[in-house]
Each structure stands twice: as C-alpha cells, then as structure tokens.
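Visitor: According to TrEMBL, the protein carries these features:
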{"type": "SIGNAL", "residues": "1-17", "note": "signal peptide"}
{"type": "DOMAIN", "residues": "134-294", "note": "domain 'Nephrocystin 3-like N-terminal'"}
{"type": "DOMAIN", "residues": "405-483", "note": "domain 'GPI inositol-deacylase winged helix'"}
{"type": "REPEAT", "residues": "616-648", "note": "repeat 'ANK'"}
{"type": "REPEAT", "residues": "653-681", "note": "repeat 'ANK'"}
{"type": "REPEAT", "residues": "682-714", "note": "repeat 'ANK'"}
{"type": "REPEAT", "residues": "715-747", "note": "repeat 'ANK'"}
{"type": "REPEAT", "residues": "748-780", "note": "repeat 'ANK'"}
{"type": "REPEAT", "residues": "784-813", "note": "repeat 'ANK'"}
{"type": "REPEAT", "residues": "817-846", "note": "repeat 'ANK'"}
{"type": "REPEAT", "residues": "850-879", "note": "repeat 'ANK'"}
{"type": "REPEAT", "residues": "883-912", "note": "repeat 'ANK'"}
{"type": "REPEAT", "residues": "916-945", "note": "repeat 'ANK'"}
{"type": "REPEAT", "residues": "946-978", "note": "repeat 'ANK'"}
{"type": "REPEAT", "residues": "982-1011", "note": "repeat 'ANK'"}
{"type": "REGION", "residues": "1008-1051", "note": "region 'Disordered'"}
{"type": "COMPBIAS", "residues": "1012-1027", "note": "compositional bias 'Acidic residues'"}
{"type": "COMPBIAS", "residues": "1028-1051", "note": "compositional bias 'Low complexity'"}
Amino acid sequence: MLLQSLFLNLVVASIHSSCYPPNLLQHNVLLVLSLIQDTLLLTITMTHPHGDSYIVNLKGGEGGAGGSGGKWGGNGGVGEAPKLYLDADIMHIVIQRSGREEGIDITRRAFLDWLSPLNFFLRQADISRVRTKGTGEWLLKHPLFLQWESSSESTLWCNGISGAGKTVLVSMVVDHLSAAYRNNRDIGVACIYLNHKEADTQTPSRLLAGLWRQLILDRDIGSIAENLYKQHQEKGTAPSLEEVFNVLGSSLKEFSQVFIIVDAMDEYPEFQREILLKHLAVMGSNVNLMITSRPNISPESSSFPNLETLDIQAAPGDIQAYINAQIESSPHLSRHIRRKPELQEEILTKVMDTADGMFLLAKLYIQFLSTKNTIGHVREALKEPPKNLYDSYHIAMQQIEAQNEDNRETAHSTLIWVVNAKRPLTVSELTVALAIKPGAQSLNEDYLPDIETVLAVCAGLVIVDKESSVVRLVHYTTQEYLDSIQAQLFPDAQTEITDTLFTLLNFDGYPDSSWTSLRIEDLPSLVGYSQYCLAHAVGEFEVQLRKVLLEFLGGAFPWKKTLAGEKNFRERKWNSMPWNYEDWPSQPSVLWISAAANLVDTVKFLLDQAPLQVDSEHPEIIVASYYGHAEIVSLLLEKGADVNATGGVYGGPLQAAAAGGHTEMVGILLEKGADINAAGGRNGSPLQAAANRGHTEIVGILLEKGADINAAGGEDGSPLQAATDGGYTEIVGILLEKGADINAAGGIDGSPLQAAAARGHTEIFGILLEKGADVNGAGGFYGSPLQAAAAEGRTEIVGILIEKGANINAAGGFYGSPLQAAANLGHTEVVGILLERGADINAAGGLYGTSLQAAANRGHTEIVGILLEKGADVNAAGGFYGSPLQAAAAGGRTEIVGILIEKGADVNAAGGLYGSPLQAAANLGHTEIFGILLEKGADVNAAGGIDGSPLQAAAAEARTEMVGILLEKGANINAAGGFYGSPLQAAAAEGRTEIVGILIEKGADINATEIGSEDGENGSSGSDEDNNNGSSRSANDQSSNSGSLEEGLES
C-alpha cells in the first residue's frame, strides 16, 4: 500500500542520511514509527553508514491466543496492544491504553543512579551513627574553621595521623552545615568519602557526579543533565569527566555558597588524585572546600584559593568520652566495673596513655579488653598495652589464632574475602561466599553464617555499615597490615576466592537455555560479585587454576549475555573488565575472552597448543589493546596477529588503545608499525578516538608522529569535532594550534561549531567563533549551529549566533528550522528570541511541517499562544499530522485543541497521518477531544488517513463508546477504505468481538470484500489470502522476498 511504502521510504531516507548519528537515527525512526502506526510489531534492522547495526522491536500485545497484537502486529495477546510513543527528547516513555495516558517516566531515582551511581548519603548516615555524642566540638569552634565557614572561595586542608578520627569529624561537619543551612536554598552542602577499596568505582567523574547528586536533592535535574542523558543513554555510553564537570558547574551556579567536604584524600590513587584535585580547585568562587588527609599528602597552595592548613588531633576530652562510651557498651567491662568501680579509672588512664591521640587505637584496645572474662585478666592486659596500631592488629590476630578450629577458619576465610575483594562486599555476598563448599552443586543455606558471629570471630578487625550493609575492615591501616602478612598467613587467598566463584558459577542449572525468564533475585547474591572471577585468577596462580579456568571460559558467554545486560536483566550486574567491553563477538572463543581478561598464561598456553585463529570480525588484538594489555598484545603479535587488524566498534588496535587512554600501548603499537591514520570504527581514526575521550597526552603523541589532523570519518567527522563534542577545551586548543580545519564538515553534528552549540560548551564555542568558524555551516543532524542551539535550549548561544549573522530561517536538519526546533522541544525563551529577530513563523519543513504543528502536538500551550498571537497560520497544511489541529488531537492536547478551534482552525482539515482531527482522536482514544470536535461540526464520514474513516479507527482500537456515538451521528457503517477496508473488517481483524456484534446489528455488510487501499481512502477488492489475510501486516512483509528495504520498496 502507498501509506506503508511512504513509511518505508521515510525509514530508508533516515538510514541513508549520513548526518544522523546512531542514537538519533534510532530515535527518529522510532518516532516516525509511533506517528505512523501506534499499535504494531515491527522489527527493523537499521544500518548506520559507518557500519553500526541496530535492531528495534516494537511489539503489540502479548498473551494467549486470540486477538492480534496490532494492525501490523502478527499474533499478539488478547485485546488491545499497547501504544508506544517515544518522546523526541528520549527522556519520557509513555504507554497509552484506551485513551488514558499512563506516564512511565525515566524515574528521578533511575536518572540519578545513571549519572551518579555513588551514593554518599548512606555512608554519611553510617558514620554519624557511631559518633560519640559531644565529641569533635572543638573543631567547630576552631578559629580556622570559623573563618572557613564564614568566608568564600576558601580551602581548609586538614592533616591528621591514621586513626585520629578524621572521618568522624567530617561527618560531624557535614551534619553541622546541613543543619545550619537547612532552610536556606541558596547554600549547598555535599561530601565525598574516599575509600581505597572502591578506587575502581570512585572515578573522578563519578565522584563529581556524586557531589551533583547531593546538591540537586530538592531541585530540578536541569536541562544540561537531561541533555547529557539524552546524548549517552541510547548509545549505552557513560558521560565523560568534562561533561559531568559541566553538569556540576551548572548546578553550583544556582547557589550563593556551596560547602564541599572530601575525606581521606590519601586513600585515593595518585594518578586519580591529581585529576580530582585539579577539578576541585576550579569549582568556582562560591565554593568552600574542606579536605582531610594523612600528613603524607600536601596541597599546592598555588592551586587552591585562600588555603589554610589545620592539624587534626584527637582532643583528650573526646577520647575520654569515647572510652567511657565504649566501656559502657561492653557487657564484660560494665559487669567488671560494677564489681570494682575503680577499674574504670584504671582502664581510662591506661587506654588514654596508649591511644596517644588515636581513636582507632583506643577502640582496638577496648575491644581487646572486652574479651577478658575476669577482672584479673583485664588487669593483666592493662600491664601490656599495644605499642602502636600494628601491635594492636597483631594482638587481634593472636586472638583469632587462639580460637577453636571452626571459628578460626571462619575468621580466616572472612579476612581473605574482605582483604582481597575487588570492591566492598555486602553482608549477603560475604555470607554466601563463606557458605559455598568446594565442589558443591547448589547453595546449602544451612551453612549460611550469622553476620554477628562472623564479626565476633574476627576480633574487631571487620565491621559492617548498618545503612548499606557493606562489610569493611575497621580502618585503611588494617588493610595495609593484613597486606603485609598475607603471603605468610593466607598464601592461597586468590585461589580460594577463584575456586569459590567458579563453584558458584558451575552450580547445577547455571546457565542454560531456560534463563530467558530468570530474575536476578532468583540467583545467590554473590553472583553479581562473580564477575571478578577472572580478575582473581590473573597472575601467579593462573597455572594452578588452568583446568577450572578453561572449563569456565568455554561456557562463559551465557553468563556475559545474561548478567552484562544483553539478555534478560534490565540492570547490568557484570560491568567490570572484560564483561563491560561493548563489542563482544557473537561466539567468542576461549582465546578471545582470555585476551580480553589479561589472562597471560592462558593465552600463552592456547597459542602453544594451536596456531592463532583470529576472530575475523573482532580480532583479539583489538580488545587487548583497548584494555591496555601490553603483554597479551606482544604475544599475539609474536604469533602473527596483524597490528593493523580491522573490525569491531573501535576499527583497529591503535584506535582501541587511543580510545582506552593507554599511552604505553599506543607507543608499542606505533613501534610495531601500526598505521597512525588507520580509518574505520566508531571514531574514524586513532586521533579522533583520543580527542573524543579527552586523552590529551595521546593526542600529542599522535600529532607528533604525523597523524592527519583533519582525517575525516567516524561519528564525529573530525578530531576537532570529537574534542568539541566531549568538551575538551585543551585538546581543541591544541588541534587549532596545529592547523585543524575549523569548519571541517561531516559527522553527527555537521561541524565543530554545531557540536559546541548543541552540547552547550560555551568556552569552546567562543574559541571557535574567535578563530573564524562559519556560523551558517550547513549539515549534520540539526542542519545548522543555530538550529542545534535552539533545539537544545542554549539561549545564550542562540543570541550570540544571531548577533554574528546566523541565518535565522536556515532550512534543513531534523527539525526543519530553528523556530520549529525550539517550538518542538518547548524552549519558550528561545522561541521569543527567534520571533523577535524575524524568524518566519510559518516556515514549512521538518517532521511537523510548521512550528505551530510541532508545539501543538508536543503540548507546549504557552508557545502555541505566542505563535498564534504573532500570526501563525492556524490551518497551515503539511507535516505528519497535516494540520495543527490534527497534531493537537493526536497528542491528546485538549486545551490546545480548544485554543486552535477558537482561533479558526478547520475541524475537518484533511491530510496527515490520520486524515482528519476526528479520526486522530478516535484512533488514539482521546474521548474529550473527540466530543469537542463533534460538537464543533466535525464530519463523521471524513475519508482518508490510515484508518479510512473515524468509525474504522474507533472499531479497530476497541473504542466502543465512540463507535456508538459515531453511528448515532450518521457514520457510514460500510465506508470503504483505510487499512482494513471497512469498520467491520477492522473490528474482526483486531478481535473486537463486542464491536463486531454492534456493527452487524446496525447493518454492516458481512460480505464486503474491500480490504484496504493503496491510498488509504478507496477500497480494492480481493480475497483475504490474496492480501496477506487482510490484517496483521508487517513492515517486514514489504521486503520479505528481497535482500534489502530498497528492493522491498521496488517489489
């Protein structure tokens, strides 16, 4: 049929428009689908010009046998299929049934978790809970603290020895500031608790996002953050550090003053520490920083404004209060003191002397004394106090070794797991790990230990955060101590952990084909942590583990598909290396997974067993280069791997290494003959890959070695556009200085200036303009820099572009014009600016035809009013909906429908997807709008559109009440045309039994053979068999006998 052919033409046109990025291409085709047919089963394979493939499935209803799942659906569930709309901003998914909107938004919590998976609220609550009342108040009264709190743009750097209570003091400061400014929305408070065990997850970008999350607790998320989500979510990528910093910066500007407190900077790895400190130092003039650290870290006074240093020492009164509180909470000591009251003073004096300003040492000593069963044993222990923290830890280990065998083994296993875990374990994960026996085929819950027992046998070295249920060592220094003795005490730690994880992953029934319906809740909690099974195997024990390792690798891919988000769990449970690699082969070999996981010995073994068999589509050398596995890459090259191998999303080894940020690997590959300008992959070239990810050093190396600074290709078109897209100002400067073409065309955004305008990178935007960027450069998704800025609501940039001579009516791009872009996406201020500067209010083009139609369909009432007031044609024809009124009716915008009719809109305007406003309301179940249109004289027999008539639309979509009203109003019960040919055929095809009965009772011709038409208006006769059974047509049917959509169109 012509209508379906039109639809396919639109899809093909989108596919072959090289300016459309994969995420926006996918989104736009989905938008077209939702506009053309609301109830459908479509499977469309879309191939991006650069080779990326996307599969989109929009299903009709699912359920038992009976009705079909939509007009183009195939066999669906009984009754009505859901209608799926993808809002153009990708932020909002709405499911509609029977005319009632049930908004299922990307929830605020889900959005926050996406941008900021780190939640410091729980950590703050846990630390506050253990703080002894009345302690730490000296800090709040200290002149340097008072000066810091009352001034602006100041930094207070707090040094203190291990165990001095710095973390507890931080929690007190956070509580103090939060309480003091609770009712002042102009002042913000945020904190970071750094932890050496969480360095892999506490990346600088995530930490900055964590600050942002705290600051917007009771505020709107903001357009910059929403746009960032829009940019990355569809591609499944994470925001860059600079993008997150930009989001945080926009939120910081909403406050007159912000207090940011960072604890334990000394626990943060040095290479990441420099990055974090660099960004903290330039937060802004309204930001006050407080940072705690051990004395081995010193701040650079030149980097931080108004820097003051404060030494943290535990106040004697605080330690005394803490010791008394610990004594009171100890059943043994309390009982002893009731018998001998003078014992309390003995304990207090000795512990105070021993603690020497360290809360932690006092805590460990009190815990040791609390184990003593008699007063005599307490006094003996007081005669030989620990000399320092390590001595306290040594005493604790002696306590552990003195226990019975069961308790000792539990303590050893607990310490092995807690010390060596790649991230902190939860209580549930730890207890499951302790319960798994070697060779077990399932989890025997009878062996799950009680966490209180576990803590008791570990002699105070292990604690649990109550809020988060995270298991931790009592202090950072505990890790250092246990690391120093692990080789002697737990020589087989990694083997024990790996064996346990492999045992779990080999439980009976894991994994198998029945997992399509499995829920993550059905698996033992430790399965999530089991992603680190290969990470624990790497290294000296790899040979010892070879047999079980090879067995697991041979069946690892189902786990990857299931738990890395590709099969049936919405949340990725496995997101570490190598499971987080985005471009796995469809059938990865053991060699491929080994190379990805840096299993050097295993790779050697496999290469010695047989000649190298390269995965032709996803060469092993590419994934190894992406992760920076230098030894693996060298082994592969020795065995004949091609240093310029091509394939996969990264195109080649050098581009993968550049994207991964591995400077050493880039050097190795170049030395081995890698083509510095190798084209292909998502990023087009190695230089573009490095520029896109913000790897400044690699950019410098590649340029020095002769990389083509203007190499075209990739999603970003050029290295300059790639750096601009990511917001990397320094790299933009380097590229321009080296001669990059400032107006290089191509890529998603068409030009560097359009990219800067779309992303809101104001500083880069200014640099590009200053260097001569063309403000009217055409191309890309948005068509022009002005349309990009208008679509994304960049008010300041819109004004600058107009001042610089941008064509305010430049046609093209997805939205047709800057005005339609702003109207479509609800940017009222931008609409006002454009109209004030002379934008053509009735400019035709774009998806919606006119700005008024766009605003009407999207429900932007204020903008509709502005456009009408400024002279917009209320009956302008064109666009997907044919008229503004049909657009508003289709969108369910009751208020706007009333406004348009009041302003003279033709209620019978023909054209568009639904043929008439009334058919749109009938099809989509907008009952109130349906009634308004009839009251205003809408023609109940208006022919045209996908359903042919309002009655056929209502019949197909089970709008029983509307069917009755239309028949009462004189609708032609046998009107021919539309997708199904007649109202009766529509109801029958969709399984609407009640409506079939009504139509027959009212005289519908049960022998009519009209089954739809080429133009959606006039029927053509033929048998059901001749016409694909008359219903449930699929877009795939159009090309089922051909190899491509284009050939399908010809047929």
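Along the chain as shown, the residues are counted starting at 1.
Cβ atoms here come from the backbone N, Cα and C positions, even for glycine.
Unlike curated entries, TrEMBL annotations are predicted automatically.
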Visitor: Checking distant contacts: for the repeat 'ANK' (850-879), what same-chain residues at least six beyond its ends satisfy Cβ-Cβ under 8 A?
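Guide: Sequence-distant neighbours of the repeat 'ANK' (850-879): 88, 815, 817, 819-820, 822-826, 828, 831-832, 835, 841-844, 885, 887-888, 890-891, 893, 895-896, 899-900, 903-906, 909, 911-912.
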Visitor: Using a Cβ cut-off under 8 Å, which residues of the same chain at least 6 positions beyond either end of the repeat 'ANK' (682-714) come close to it?
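Guide: Result: 50, 52, 240-242, 649-652, 654-661, 663, 666-667, 670, 676, 720, 722-723, 725-726, 728, 730-731, 734-735, 738-741, 744, 746-747.
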Visitor: What counts of helix, strand and coil residues does DSSP assign across the repeat 'ANK' (982-1011)?
Guide: 16 helix, 1 strand, 13 coil
Visitor: For the repeat 'ANK' (916-945), find every same-chain residue at least 6 residues outside the stretch whose CB is under 8 Å from a CB in it, and list them.
Guide: 38, 83, 96, 98-100, 881, 883, 885-886, 888-890, 892-894, 897-898, 901, 907-910, 951, 953-954, 956-957, 959, 961-962, 965-966, 969-972, 975, 977-978, 1016-1017
Visitor: Could you tell me the mean pLDDT over the repeat 'ANK' (817-846), as a whole number?
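Guide: Across the repeat 'ANK' (817-846), the average pLDDT comes out at 96.
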Visitor: Can you count helix, strand and coil residues in the repeat 'ANK' (883-912) using DSSP?
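Guide: Final tally across the stretch: 17 helix, 0 strand, 13 coil.
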Visitor: When secondary structure is assigned with DSSP, how many helix, strand and coil residues does the repeat 'ANK' (682-714) contain?
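Guide: For that range the per-state counts are 17 helix, 0 strand, 16 coil.
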